[in-house]
Amino acid sequence: MACKAKTPRSLKVEVIMATTLNVNGTNAASGTSPRSTWSEEVRVLARERNAVILAHNYQLPEIQDIADHVGDSLGLSRIAAETDADEVIFCGVHFMAETAKILSPEKRVFIPDANAGCSLADTINADQLREWKAQHPGAIVVSYVNTTAEVKALTDVCCTSSNAADVVRSIDPEQEILFLPDQFLGAHVRRVTGRNNIHVWAGECHVHADISPSDLVDTVRANTDAELYIHPECGCTTSALWMAESGEIPGNNTHILSTGGMLEEAKKSTSERVLVATEIGMLHQLRKANPTTEFLPVNPQAACPFMQMITPEKLLKCLREGTDEVFVDKRTADAARTAVERMIAIGNPGSGE
Ligand code: 13P
Ligand code: SF4
């Protein structure tokens, strides 16, 4: 039986008088104004503010369904850079909204809760990166986009999970690289590029690190015919590849993919069942993209507490009150922009629709 992604807080649909909402029309039978739902108010306010609502693939289903665009971190960065809306409402975590602000300094960028951080981004700060660079003078710094603006400002080129290998391939093979902050993504990039001159920061995302080899082995053994999608931040990535190489699971059924890559793969899948090793918010988009395949989480507890801080109530408050606005000081933003723009120019375009 499919194990459904758990929504931590059930959606509270707010019923608001239409008069306070500028929603036109009256109820002919009763003569009263019609009432608007939460989703109608969100759409009306977004239109009034000329705001585009972006949602990461890990957001709560209600947030994904109301957004103008849902995608992976690279795809959403591109959309934020290209939109002609005046405001960007970023339903994701803080580094993602900050990246949108870096790319579009003239736009107002908001996140419904500025406390939505990222345990992976918190594993390295600017002082630690300065010290690491001093130990490897001349090395090129490749930072995963899950980093603060200050760390990006000290970076040569950013990457996401969908273009990390292409970014590294674009660098002279003789050149020493500092790759940060995710150790599992770094190990994956080392493996696929065959380079051994990459130093990897020992950071991890607590959600993906908790998708363990034992979770994987148990789920795969219980579903031997299923395909397997694994996000490269997962603690089980190496075990999955080892199981595929040893024949314990069929190698051609195992895919290491970014969240956007999973979606593309799901659209063309003819499998009866797919096991998904990533944050469980992803299941919503996968199930919508392919309703005939069953998508099961490798670890049903793998929910990102930061992503889930963006609730329907906070999105509405953000649109009504303009909270929380994201600011990045000009010097930091200018330095970070070069690294982010290099990332956008390289390889896989990411995914966002
Ligand atoms: P993507 O780059 O695949 O969207 O993932 C972002 C992220 O935060 C993974 O945990
Ligand atoms: Fe950060 Fe992990 Fe949450 Fe992604 S899933 S936002 S890496 S804490």
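Every residue, even glycine, has its Cβ placed from backbone N, Cα and C.
Positions annotated as iminosuccinate binding site by TrEMBL: HIS56, SER73, TYR144, VAL145, ASN146, SER161, HIS231, PRO232, GLU233, THR259. DSSP classifies ASN146 (iminosuccinate binding site) as coil under the three-state reduction. Counting only same-chain residues at least 6 apart in sequence, those with a Cβ under 8 Å from the Cβ of ASN146 (iminosuccinate binding site) are SER73, PHE95, CYS118, LEU120, ALA121, PRO181, ASP182, CYS205.
In the three-state DSSP scheme, CYS304 ([4Fe-4S] cluster binding site) falls into the coil class. If you look up TrEMBL, you'll see CYS118, CYS205, CYS304 marked as [4Fe-4S] cluster binding site.
Listed in chain order, the extra residues whose Cβ falls within 8 Å of the Cβ center of the [4Fe-4S] cluster site residues CYS118, CYS205, CYS304 are VAL93, SER119, LEU120, ALA121, ASN146, HIS206, VAL207, HIS208, GLU279, PHE306, MET307. The 6 Å Cβ screen around ligand 2 retains CYS118 from the binding-site residues CYS118, TYR144, HIS231, ordered by sequence position.
The Cβ neighbour count for GLU233 (iminosuccinate binding site), using a 10 Å radius and every protein chain shown, is 26.
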